[in-house]
Structures are given as C-alpha cells and as structure tokens.
Amino acid sequence: MESEQLFHRGYYRNSYNSITSASSDEELLDGVGVIMDFQTSEDDNLLDGDTAVGTHYTMTNGGSINSSTHLLDLLDEPIPGVGTYDDFHTIDWVREKCKDRERHRRINSKKKESAWEMTKSLYDAWSGWLVVTLTGLASGALAGLIDIAADWMTDLKEGICLSALWYNHEQCCWGSNETTFEERDKCPQWKTWAELIIGQAEGPGSYIMNYIMYIFWALSFAFLAVSLVKVFAPYACGSGIPEIKTILSGFIIRGYLGKWTLMIKTITLVLAVASGLSLGKEGPLVHVACCCGNIFSYLFPKYSTNEAKKREVLSAASAAGVSVAFGAPIGGVLFSLEEVSYYFPLKTLWRSFFAALVAAFVLRSINPFGNSRLVLFYVEYHTPWYLFELFPFILLGVFGGLWGAFFIRANIAWCRRRKSTKFGKYPVLEVIVVAAITAVIAFPNPYTRLNTSELIKELFTDCGPLESSSLCDYRNDMNASKIVDDIPDRPAGLGVYSAIWQLCLALIFKIIMTVFTFGIKVPSGLFIPSMAIGAIAGRIVGIAVEQLAYFHHDWFIFKEWCEVGADCITPGLYAMVGAAACLGGVTRMTVSLVVIVFELTGGLEYIVPLMAAVMTSKWVGDAFGREGIYEAHIRLNGYPFLDAKEEFTHTTLAADVMRPRRNDPPLAVLTQDNMTVDDIENMINETSYNGFPVIMSKESQRLVGFALRRDLTIAIESARKKQEGIVGSSRVCFAQHTPSLPAESPRPLKLRSILDMSPFTVTDHTPMEIVVDIFRKLGLRQCLVTHNGIVLGIITKKNILEHLEQLKQHVEPLAPPWHYNKKRYPASYGPDGKPRPRFNNVQLNPIDEEREETEEEVHLLNSTTL
C-alpha cells in the first residue's frame, strides 16, 4: 500500500513516467526519454524547472542525470529553517523552483473551497505585478530626488542663491529680469563665494577664493560620503553592478540589498557626484533600484520565502534602475537581459518592461532637469549622416575598444594593488587624496570643472545661433536672417581652437583619474565618465572632419555631399558616437547600449553609425580580452560566477576536476542507517563541506541521496528540542523504513525528509564541457560523480571556477588527430572497445586504474588538473 502511494505521488524509485501539473504562468517541459543537447540555446526551460517528476535525462557521452521535482520526501511537518541558505552561499535553483511549484499547487487546490481562498489565490497571482509596480515607483522617486540634490550640491561649490537657498544656479536665474542673453548664467540673486566672503566678483583675489572654496566643498562632500559608507553601510560603495550580477546568478550576500545600504547609498551617491570625482550615478542607481525591489519583495510571501523568485524581481528592478538612470525604458529592459540577468524567463521580461515604464513615468512627472524630458542631454540633429562618415565613426570605435582594454587592465591592476598593500587599509585617506587631486586639477579647466553630465550635454549639442559656448565660436559670415536648420559649415574661430586644447587636456585628465576613481569606497558609476571620454574624443574628431570638409570640399570623398555653404558635418553626432564606443569598450555591451544611446539623445536616425562604432569597439576590445569591466571585478573579488559568454574548449573530464583527488582524504559520506547523531555531528564539526552524499553502506557505496550541512544541523537541533528520547547515541535513518533495533536502544531520528533523493549526477567520464553547461544552465551548487552507481566524488561550483582559472594559466596541448576521430567508449569498456570482464555485476579492475588509462588516452597535462 505504501509503495502504491509513492507510485501515485511520482516517488517510486524505478518509475520515470509520472508527470506533474505545471503552474499557470509557465509551460511544462515533457522531457521523458528526451536526448538532451546542452549545446543548444533553448536551455532556459531547464532552469525554469518545468521538468517531469523523475524525468530521466540521458546524455550520449555516457553521463546521466537523474532529477525529480520532489526534492523532499513525505513530510509529517516541515522543519523550520530547512531549505534556507547561509551568507556567501549559492542557492539551489532547482529546489527553489520546485518549492514554488508545490506552493502554487497548494494554492490552486484550495482556491475553490471558499471566497477567502479565492482572494488569496488572486493576490498571489497579482503579487508579481504589485511588487514591480512598487519597485518602479520607488526607483523613479529616488532617482528624481538624487538628480535634484546632486545638481544643487554641485552648484553649491561655486556659490549660493540668496533669494532661495534650495535653488541651483540655473533655477536661481530663471525669474531674474536683469539677465542678458550673453551672460544668462549671471544674475544678482546668485552670489559666488568670493562675492560673499571678500566682496569681489572679478580679479585674482576672487579667482583664488573661489578656487579655495571649490576644493573645500569637494573635500567635504567626499569625506562625508566615505565616512558614512565606512561607518553605516560598507556595501554602499562602488558601482554595485558586479555584485548585482553575482546575486542574480544565485549567490547570497546578506545586507547588500538591505534598507541601510539603500539609505546610505542614496545619500552618499549625491555627495560623491557633487564632490566632482570622475564618477557617475547611473551604475549605483541600478543598485538603488535593486535594493527597492529586494525590500518590497519581503511584503509578499511568494518572493520573501523563495530566493529564485526573488531574483526575478531583482531583474525587473535592474531594468527600472537603468530606465531612470538614462531615461531609457526599453534600453533598461535590454540591459537587464544582456548584461546583468542570469535567468530571464518571458514573464520577467514583461514585468521588467512594466517596472521600467512605471519608473520612467514617475521620473518624468518629477521633471528633475526642468526640460520636460527624462534626460539632461536630449539633442536633435537636423543634418543626416553621409556614407563617407562611416570611416571616422569606425575610428572612434577603434578608440573606444583601445580605451576599454586599457582601462580594464589598468583599473584591475590598481584595485589588485590596493587589496594587496597597506594603502587599501585606509579607504578614507584614499578618497580624500583622489578628491583633492581631482579638485585641484579640475578647477582651472572649464570643461573639467563642469558637472560631467553638463559636459556631455555641451559636447552633444549642435551649434546654432543661440549657442554661446566657445565650441561654437566660428567665424560667422552668414546672414542673421537665416534659420537654424540652414547654418552652413564655417571656419573655426579662436574660441574653437582654444576649446580643442582644453578638451585634449580634459581627455587626458579624465582617462587618468577614472582609472584611480572607479573602485574607491564611495558610490561610483562608470557609465558617465566613459561616455564623457568618448564624447570629448568624438567632438575633437568631429571638428577636425568638419574643418577638413570645409577647406577641402573639392576632394572626391566630400565633393558629392559637402558643397560650399552646405551644412555637412555635425560635430555633436561624433561626440554621441564616441560616447557609445567608449562605453561599449569598457562594458562590452552591444544591443542594449545602442538602444540606450538613441533613447538618451533621440537620435534614432543615427542608429547605423552607433551600431558600427559599438561593434567595432567590442571587436577591438575582445582582441585584448573578452572580459568586460564588471566580469573583471567579479573575478578580482572571487565571486562564484560562471559567465555564460565564455566558451569551454578543453578536453578534460569530470574525473579530472572532482574532489577528492588521489592524494586527498577520502570523500566524507553518510550511510543511510548506520550512523548515530554523534557521528554526524562530529563529521560536521571536523569538516567544512556544505553537504554530504548519503550511501547505502560503506561496503556498497551506492548513492542514496544528498544532505546539506545546514539542513542536517537545523534538523538535529530541532529534533532535540521537540522530540523526546533523541540523544547522541540515537541512530539516524535516511531510509524509508527504520531498521530493527534492540529494545534498549534510544529512539531513532528519521531525517529522510531533508534528503535530496535525486541529486544531479554525472559519470567520471563525462566531458567537463557538458558539466560546465549543466552548472550554467541549471544553476547547480554541486554535482556528484559516480561510476555504475558508486559514488566517486563531488564537483562544486568552486571546483569548476578553480579549474577554469587554472586552464587560463596553462595552455593545453592539442590532442593528436586520432583522438578526435576515436570513438569514446563508456567506462565499462576498455581502450580497445571490448567489454571489461565482470563477475556478478562487479568490475574486476580497480576504478583508479581505469582513470589512469583514460588520462593516458586523452594525453592531458598533470598541471591542468585540480
């Protein structure tokens, strides 16, 4: 009767035919008898967990995976704490998805019992949309607050508005009737610090006083920011995107998305931007939005108790963060999909789009820039681009790729040096030194003194009759009655040449300071500094091409398009293309970056130049290394992140990576009914493993299941508190039936409920290429290595990362031609393809000898094994 009940529940050990019902918003993958090809791109269904109960996956290389959606056996009552995770551990995606399915089935089975149960079912169904709505509202509101506060505090370094202290410079002069067109930034209501302190508006004394106050405010803001981060929320420093990527891949970092981190990051981001450091607020805004998503997810049990479902909310939150950072809702969704998300099902795409929409709507309602747009530097160009301009656009892409490769290597080298020297022990001093150097050098140059976003806006803007910038100081021979769209190319004046020299100095300054600024212990984004570097280079190239076309309009490349008196070249367009190229060179983004830039600037007509520059930038950068800046920082910090973009091209096997190695202590295992509570506690105390395989007996070594260290500890503590008669000598039983014990024996402890009866397994001859794909696409924590059902070892995510790192440092020799044409026989066959001798299903040859023969066959270096 009991076995019949197990059969109906899909738990019969030899049954692989029962199929469970799917949840309402995810399709069921009928995988019975399917030959799984892990090289295909349609692998998201595996991670979605929509597999049949006990579905058997057979791999053509001889490895096998046995999986079940029921990870827990029949439970009398759940043990509190079982199934949760410790800090700095990786979640089990498959178990989390199965828990969510069980929760969904339980709700569906009760919803017809009463109106209250039906209401709970509707609330559960809509909780996903509610949480992303709240996340979008909070992200938009905080982004507007940060933009307004950062603008006000940036202008505070230069002066103050006496009529209204909360107005920045531009707002202060809006209502003034004494402002002229040429000096529209000067009005009686706005007073510089020199005017307030020494009563002088012009002269050397005024310049020196403003210089001193600029440095004072910059150091004050930087010191306050780093002090708040160090004292209250150490996780609030940096960009946050590398950690967000790691968290979305399944890693647990407690407190990184908490309320204290949100509060301190919001405050210190304003201070860091206002200090004038070479950083931006766009990357940290993604962190802020993810903090909002994490906090709101605790209001809904569907997400608060399930780490995998929570990461769907975080993916939508990251899209909302980019949406408010750049005013690019579609680009935000693509950014979340391309750059940060590890698992992105279709419903998460819809919710990310909705979260980005809500966040952009809130930011537009706040209107922080006063231009009725989502971004500060929205531009409109009136001249189309011509075919010959593709060459300078591609040159800007080459520059962006070279800049990205240089920045990644230089910044990682500096960050590694910071970690390995005493200088890294004084983060406050480092921030003060960097802020002081930045302020001292930035003030004399008007382009480095400007807020970086204001600088990008000026570089993007096309020159018209209403522009008073020195970048638009051309020798003007046109009739004043001509309209803006018909302004022709003109020879550059002295102001343009002066601006070019200042921009060249600003370019060198930005390149050097950004290398040393990114990674210090204040919130620091990389998007805006990279775009500023590209915009400066692009504007210089644009002016050069413009003057070349003006003075040599009879050249064959200009003759067809650039006639005398025609508006041919738009330098602002080159700045926009250069900004996209440099940002792409650093982050290696492609599709999302192009969409972000044309949403950012409104330049939909110029999408082809943007695509050409971004792809060129990526190709050039990849020639020096495929890692973007975020992946490089993930590797530097040692986070357990398996990048899906990397290809595994080596010929190692699972036996080469698994633990234990030949000279290591034997694998720590549990037996299903021969160990006592004291035995298990001693093993837990003497080892640091996160889990233990459970076998039938020491003699048999046949795999029964897998028990996690945390679940064992919690279950034993709970049993001692709630069950009478559980002592150290109590027998622990993982089997379905308790073995017969003497009458005087203490009460046994049944722990079958915490046992994973279907751990993922591969054979010792499974190629590591397949194993790595399994870990990437299913989000596994560990995988057991077996041989004919006998446990040989275990492969964890850490083992794979160590193996990949060692393979990067050692070049594996090419295998001989016969290796690739040779048939790969399973472990039960010899090198000649003939079956090995057997007696009563037990192999006569030791397993270690087989492994040695296999290693000789594939000619692997000993140095490449871990």
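Residue 1 is the first one shown; counting continues down the chain.
Just so it is clear, glycine is given a Cβ too, placed from its N, Cα and C backbone atoms.
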*asked:* Between the candidate ranges 313-337, 338-362, where does TrEMBL place the transmembrane segment annotation?
replied: 313-337
*Which residues of the same chain, at least 6 past either end of the transmembrane segment (573-598), have a Cβ under 8 Å from a Cβ in it?*
322, 326, 328, 330-332, 334-335, 337-339, 379, 381, 383, 385, 392-393, 396-397, 399-405, 407-408, 456, 459-460, 462, 526-527, 530-539, 541-542, 545, 604, 606-607, 609-611, 613-618, 620-622, 626-630
_Short question: most Cβ pairs under 8 Å with the transmembrane segment (499-520), which of 284-301, 386-408, 428-447, 532-553?_
428-447
_For the domain 'CBS' (658-722), mean pLDDT (0 to 100)_ = 88
*Of the residues in the domain 'CBS' (658-722), how many are helix, strand and coil by DSSP?*
24 helix, 17 strand, 24 coil
*Going along the chain, which residues at least six beyond the ends of the transmembrane segment (214-236) come within the CB cut-off of under 8 Å?*
153, 156-158, 243, 253, 255-256, 258, 260-261, 263-265, 267-268, 271-272, 274-277, 427-428, 431-432, 434-436, 438-440, 443, 449, 520-523
*Determine which residues of the chain contact the transmembrane segment (532-553) at the Cβ level, with the cut-off under 8 Å and only residues 6 or more beyond its ends counted.*
389, 392, 395-396, 399-400, 403, 447, 452, 455-456, 459-460, 471, 489-492, 496, 500, 503-504, 506-507, 510-511, 514, 559, 562-564, 568-583
*State the non-local partners of the transmembrane segment (284-301) in its own chain: residues 6+ outside its ends, Cβ under 8 Å from one of its Cβ atoms.*
127, 130-132, 134-135, 138-139, 142-143, 146, 238-241, 243-244, 247, 257-259, 261-262, 265-266, 269, 310, 313-314, 316-318, 320-322, 324-325, 340, 359, 523-525
*May I ask which of the stretches 256-277, 313-337, 428-447 has the most CB pairs under 8 A with the transmembrane segment (126-150)?*
313-337
*Could you tell me what the rest of the chain brings near the transmembrane segment (256-277), counting residues at least six beyond its ends with Cβ under 8 Å?*
142, 145-146, 149-150, 153-154, 156-157, 214, 217-219, 221-222, 224-226, 228-229, 232-233, 235-236, 240, 243, 247, 284-285, 287-288, 290-295, 314, 434-435, 438-439, 442, 449, 451, 513, 517, 520, 522-524
